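*Asks:* Attaching a single structure in structure tokens format; questions to follow.
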Amino acid sequence: MSQPIYKRILLKLSGEALQGEDGLGIDPAILDRMAVEIKELVEMGVEVGVVLGGGNLFRGAKLAKAGMNRVVGDHMGMLATVMNGLAMRDSLFRADVNAKLMSAFQLNGICDTYNWSEAIKMLREKRVVIFSAGTGNPFFTTDSTACLRGIEIEADVVLKATKVDGVYDCDPAKNPDAKLYKNLTYAEVIDKELKVMDLSAFTLARDHGMPIRVFNMGKPGALRQVVTGTEEGTTIC
């Protein structure tokens with residue numbers, strides 16, 4: 001088996017990546033496959049932190065446009081990420097992976113409150129740490145959470161799992177001739193206005209020199225290939 005090129009990673013999974021063909025909720029089969037792929041990394045000695053989105057259950061920004069207070073909507077979205085985190089933790093447990101769920105705010109009896117030093121300790125013990133509830137503040141996306149937590153835990157890279165094979169020059173769903181980039185600099189992403197993640201999250205990663213790799217989590221084995229250094233997906237640094 002190929003050796004990993006990263007010691008510690010932060011894996012960002014969108015809520016949409018967890019939903020099945022009906023486009024809503026959580027598909028247990030997808031969740032279990034992701035848990036098995038994460039288990040492979042743990043068995044290779046990689047320390048894994050995970051940030052989950054909540055878009056499969058709730059989108060605060062969308063309802064804000066319909067008149068809901070944005071702060072209320074974002075709080076509901078944060079709780080959706082906790083629900084996804086609970087599902088992921090359960091799936092990892094069933095795969096015999098030791099995992100800990102942390103929330104950015106207190107949810108006594110459900111999960112631990114985020115604590116930086118405790119998270120580092122658990123990662124060193126080869127426990128998967130799932131970070132939920134975003135940053136704990138409204139107006140920040142889970143992409144921002146992924147970059148923030150990645151920087152805090154001193155991850156080697158943020159791995160952004162998507163439904164496409166990486167970063168393209170245009171939408172591959174609309175243009176079959178879309179070009180896939182293998183390597184990009186932070187400046188190229190901004191200059192070309194490529195949709196990698198929201199600007200706040202991206203500039204946070206850039207300012208702290210945090211590499212980002214974008215890949216297709218729907219492709220079996222892609223996560224392992226990214227971690228072992230193949231040219232899977234797009235690398236931004």
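Cβ atoms here come from the backbone N, Cα and C positions, even for glycine.
Bear in mind that the values here come from a model prediction, so they are computed numbers and not experimental data.
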*Asks:* Please identify the range among 20-25, 134-139, 140-145 that Swiss-Prot labels region 'Involved in allosteric activation by GTP'.
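*Replies:* The listed stretch tagged region 'Involved in allosteric activation by GTP' in Swiss-Prot is 20-25.
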*Asks:* Which of D74, D156 does Swiss-Prot put in the same UMP site as G54, T135, G136, N137, P138, F139, F140, T141, T142?
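*Replies:* Looking at D74, D156, the one Swiss-Prot places in the UMP site next to G54, T135, G136, N137, P138, F139, F140, T141, T142 is D74.
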*Asks:* Find the one among the binding-site residues G54, T135, N137, F139, T141 whose C-alpha lies closest to that of S14 (ATP binding site).
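*Replies:* So, of the listed binding-site residues, the one sitting closest to S14 (ATP binding site) is G54.
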*Asks:* With Cβ-Cβ distances below 8 Å as the criterion, list the same-chain residues six or more beyond the ends of the region 'Involved in allosteric activation by GTP' (20-25) that contact it, or say none.
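*Replies:* Residues 56-57.
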*Asks:* I'd like the Cβ neighbour count for T141 (UMP binding site), meaning other Cβ atoms within 10 Å of its Cβ, all protein chains included.
*Replies:* 18
*Asks:* Which residue among the binding-site residues S14, T135, T162 has the fewest other Cβ atoms within 10 Å of its Cβ, if you could check?
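*Replies:* Minimum Cβ neighbour count within 10 Å, taken over the binding-site residues S14, T135, T162, occurs at T135.
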